[in-house]
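As annotated by TrEMBL, domain 'Arf-GAP' applies to 1-92. The domain 'PH' annotation in TrEMBL covers 194-276. Under the heading domain 'Rho-GAP', TrEMBL lists 381-555. Among the features that TrEMBL reports, domain 'Ras-associating' is placed at 570-643.
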Amino acid sequence: MTVSSCVPGQHRSLGPSISKVRSLKLDSSVWSNELVELFLEVGNKNANSFWAANLPLEEDLYREASAEQRATFIRRKYRERKYTSVLEGFNDLEHLNKALCAAVVSSDVLQTMALVFSGADVMCATGDPTYSTPYLLAQRAGQKLQMEFLHQNKLSPVFGHLLIADSMATSLASFLCVFVRRGPPRTSFSYMARRWCTLEGGFLSYYESERSPSAIGRVDATEVISLAVNHTETMTGAGAVFTVELYLQTERLLIFGAETQETQHDWIQALTKVTQFADTSELIGRLHYKEGHDLYYWRMGWFMLEGSSLHFSSGEEEGEEEVLQLKQLQELIITVFLSLFFHIYINRTVYIHGFNKMDFTVWHSAIKLAAGTDGNALGDQQLTKNGVPIIVDSCIAFVTQYGELHCISQPGNPGRVSHLLEEFTHDARNVKLREKEHQLQDVTDTLKSFLSQAEDALLTKELYPYWVSALDEKSERQRVKKYSAFIESLPKINRSTLEALLQHLYRIQQCSHLNRMPSEKLASVFSSCLFQTRGQTTQEISVVHDLISNYITLFSVSLKCSCGVFFSFVSPSMRPTELAETALNMRNVAVNADDFWTTFEVIENGELERPLHHSEKILEQVLEWSSLDYPSSAFLVIKKFETKHCISKHFLKGDYLKFSDGCSKLLSGHKFQDKYVVLHSEKLLLYRDIKSAKAEKTIPLKDVKCYLGLKKRLKPPTK
C-alpha cells in the first residue's frame, strides 16, 4: 500500500508503505508534520470509502494494467467522480456549507473531506464576523488536522483536494513539460517529454515520473511574470496537447502541455491562484507601465489580454481596472530602451516595459496581433477611434476630398479594387490613399466590396424583414420612427459604421446639382451591399433612400458652434458671413450694428484658428480637412471678429520676429530664428537683419493662410 497525494495536479507516490512513512526523507519546505499526520489519519481505505464507494468490481484496476488504463481509471474516479458516495440530506450548497462549518470544529477529518469533495466551499462565510471562514473556526477549536486540510485545499484547482489514493494510481492531471533556458519564446515542440508535475506549497515541481524520489526542477510560482495560454491543440513529439507557457523573471520559459482542455483549465486555475493572477484568458502577467499626466514614475500593474481587449490595473484599488480596445490602436512603437508604448482611441499614450527581453517580446507580439485584422467580420477589422473600420473611414475620406462633386456610380477596375481590398485587409493602418495613385471609382468599389463581403450585412440579415416591412407605413415620420428603433438594436460597430456611411452619402446628395447623385441614385448603388443581396429590389432601394434622406433625424445630427449655435446644412455656395448670419438668426442672437461676426476655422484641437476670408466657400474649406493629419481635430466657430481694418495694398510695416519654416534641417531643426520681417505690396519679405539689402525669402500673401495660436508641437520660444 502506498501513500499518495491525489489533488488533481498533485498526485505522486510518497513511499512503499504507510509503516515506513515516518522514515522517509521528505522535503520539509513542503511536507510539514501536520501534512504527514493528515495522510496517516486518513489513509487509503478511508479515502476510498468516499472515492470508490460505488466502484464496480469489473472496473477496478488490476496490477498489470497499462498506463493508459490507469489514466482512464483515475480520470473516471477523481475527475468524473463516477464511483463516489452520495451524501444524503444535502439539497444545495448552503446546506453543505453549514455542515462543513459544523464538521471543522470536530476531529472528524473524513466528514470534512466528504463535504468538500461533494461541493462545499472551503472559503464560505460562517456568519461569525470574528471567525469568518471554516479555517478560522478550526483554528479556534484547536483542530490542527482540519486546519491543514482546509489550508491545502484553498489553493487547489476546482476538483483538486488533498486525499489518499490507490497504490496503482497515476497522475490525474499529467502534464508534458519541456524546460527551456534563455530560448526563444516559441521553441520546437518536438522535444517535449512527459513529466510528472506537482503544485504544492507555492512551488511547481516536475519529476521524471510519478515514482521518482526527487524533482528534476522546481519553480517558485511567484517568479512567474507572464502566463500564455494556447486554446488550440499543438502537435508535439508526444502527441497533441494544449500548451501553457510560463515566463519567469530569470528570462526562462516553461512550456507545459495538457492532454485535454479540461486538464489545462484546472492547471491554469491553480497556477493563477498561486501567482495571484486573475482568471486567465490568452495572456496575463505583471508589467511596468506609466500613462496620463504622471510620466515620470513607472508603476507595476496587472495586464490581461482577452481577444482584442487589454485589461490593466495597478491592483491598488478595487474597480480601478481599465480596458484598452486594441482594434482602435493608433500607434505601436518600440523604443531603444526596450519599452513598448502605444497610442489608442482615448487620445493618450501608455508606456509599457517588461521584466526582460523574452517577456517583452511576447507581449509586443501579442498586442500587435490583437490590434490587427483577424477575420472578415466588422468587429475583426482595425478601427478608428470612433469605432469605424479604417477601410470604411479611409475610403469615405478619399471620396470626400476628391469625389463629392463627381459622379461615383461608374465601376472601378476589378484588379485594382481586389488589390486595394487585400492591402486594407492585411494592414489597414498603413494604407494611404493618394489622388495620384488611386482612382475615385476604384476606391468607391473597394468600399462597396468590403461591405458586400463582410461576415454579416451592415443592416444585418436578421433585421431584413423588419426594414422592408417598415415600408408598409405610408407616413414617412412613422417609417423613420421604426428605422430609429432598428438602428438602436444594431451591434455598436454596425451602428457607428452605418452613421459614418449615411453621413457620407447625405453630403454627396446635398451636392447632387453638381455630381448628379441624388439620394435615389445613391440608394440604388449602395442598397445591395448594405443588405448583402445579389440583386437590387425596389423595397431595398426605398429603405436606403429613406435612411439617406433622413440621416439628420435618425442620428440627431447637428453641427455645434462656440456660441451654442446648431445647424444641420451648409450649401456648396455658402460663404463665412452668410453662415454666421444664418446661425445667429437661428439662435435669435442680438447683433449690434458695429459688430462683425464671421466664421472661424479651428485646427490642431483648438491650438490654431483663423477667420475665413469672405470669398472662401465653407464646404470647400471643410473638404480640405481630410488632408490634415487629424481631420477630426478641425471645426468651425461662429464668433465676433474684434478688428476690421482695411489695409492698403501699399501698406508697409517692418519688425524683428521669430521665424521657423518648419523644415527639418540638420543644424537648425525646428528652432525659431530672429528675422527682420517686412510686410509690403502683398508680400512678406524676410531679411537676415535690418541692414540686409536683399531678402532671404519672399512669400506672396495670396498663397498664405494665417493662423493665430500656440502650436505646441513646434515648440515656440514664448507663449
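Note: Cβ is positioned from N, Cα and C throughout, glycine not excepted.
In TrEMBL, annotation is done automatically, which means it is predicted and not curated.
Values in this document were obtained by computation on a predicted structure and should not be read as measured data.
This prediction places the mean pLDDT of the domain 'Ras-associating' (570-643) at 81. Taken through DSSP, the domain 'PH' (194-276) splits into 17 helix, 42 strand, 24 coil. Secondary structure counts, DSSP: the domain 'Ras-associating' (570-643) has 27 helix, 17 strand, 30 coil.
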